[in-house]
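Lifted from Swiss-Prot, the feature list:
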type	residues	note
BINDING	10-18, ARG128, 132-134, 172-174	ATP binding site
BINDING	THR17, ASP36	Mg(2+) binding site
BINDING	ASP36, ASP37, PHE38, PHE39, TYR55, ASP56, ARG129, TYR134, GLU135	substrate binding site
ACT_SITE	ASP36	active site, proton acceptor
Amino acid sequence: MKRFVIGIGGVTNGGKTTLAKSLQKHLPNCSVISQDDFFKPESEIDIDENGFLQYDVLEALNMEKMMSAVSCWMENPGSSAGPAALESAQGVPILIIEGFLLFNYKPLDTIWNRSYFLTVPYEECKRRRSTRVYEPPDPPGYFDGHVWPMYLKHRQEMSSITWDIVYLDGTRSEEDLFSQVYEDVKQELEKQNGL
């Protein structure tokens, strides 16, 4: 059975979840898996020499559990959308996986049909992050001492990636980002379906 898997990665507060949810509303037979749903409990998160909880690393995530969810979807891709969606014009089940460390996790490397990465400049990212409420809350200095440096490190690691990633400017409007990605996905689905 054909499947279409979209990866939406990027910086914290870059618009990944918003974009994924917008696409899910408009794409037939579409499911979303969010990497944020797979954080380990706080008691299992390492603390660095500055006293910061190390949430921005793969080890803070239960990636085996996430991969299990991805595998379940791959084995039974239409199950969450219902029978009407299976008869949609597109026909191809779509999975969107969104998260901040998708493209740094090797077991996912071979599943992407399309990959997108949202970027936001430092000041805007810091501003957006300051408006969000986290549990546990970000301690003073956490963004500059941990979050941003880890983003830069992970982004650098991505330089060895051999597949195409479309980089998106996360400061553009939600509507613009949605339109660009939606049209791109539509074209790719048409190619896959031979239309």
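Just so you know, glycine gets a Cβ as well, placed from its N, Cα and C.
Shown here: features listed in Swiss-Prot, placed on the structure.
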residue	record	Cβ neighbours (10 Å)
GLY10	ATP binding site	25
GLY14	ATP binding site	25
THR18	ATP binding site	16
ASP36	Mg(2+) binding site	11
PHE38	substrate binding site	18
TYR55	substrate binding site	22
ARG132	ATP binding site	10
TYR134	ATP binding site	10
GLU135	substrate binding site	5
SER173	ATP binding site	9
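In sequence order, THR12, ASN13, ASP138, PHE143, VAL147 constitute the residues six or more apart from ARG129 (substrate binding site) in its chain with CB-CB distances below 8 Å.
Annotation for THR17 (Mg(2+) binding site): spatial neighbours SER34, ASP36, GLU98, criterion Cβ-Cβ under 8 Å with sequence separation of six or more. Long-range neighbours of LYS16 (ATP binding site) (same chain, six or more residues apart, CB within less than 8 Å of its CB): ILE8, GLY9, GLY10, GLU98, GLY99, PHE100, LEU118. Among the binding-site residues listed (GLY14, ARG132, TYR134), TYR134 has its Cα nearest to the Cα of TYR55 (substrate binding site). According to its DSSP assignment, TYR134 (ATP binding site) is coil. ARG132 (ATP binding site) sits 19 Å from PHE38 (substrate binding site), counting Cα to Cα. Across the structure, GLU135 (substrate binding site) and GLY14 (ATP binding site) are spaced 19 Å apart at their Cα atoms. ASP36 (Mg(2+) binding site) falls within a helix when secondary structure is assigned with DSSP.
Looking at SER173 (ATP binding site) and PHE38 (substrate binding site), their Cα atoms lie 28 Å from each other. Between the CA atoms of TYR134 (ATP binding site) and PHE38 (substrate binding site) there is a gap of 15 Å.
Taking CA atoms as the reference points, PHE38 (substrate binding site) and THR18 (ATP binding site) are 18 Å apart. For the substrate site, whose annotated binding residues are ASP36, ASP37, PHE38, PHE39, TYR55, ASP56, ARG129, TYR134, GLU135, the maximal Cα to Cα separation is 20 Å.
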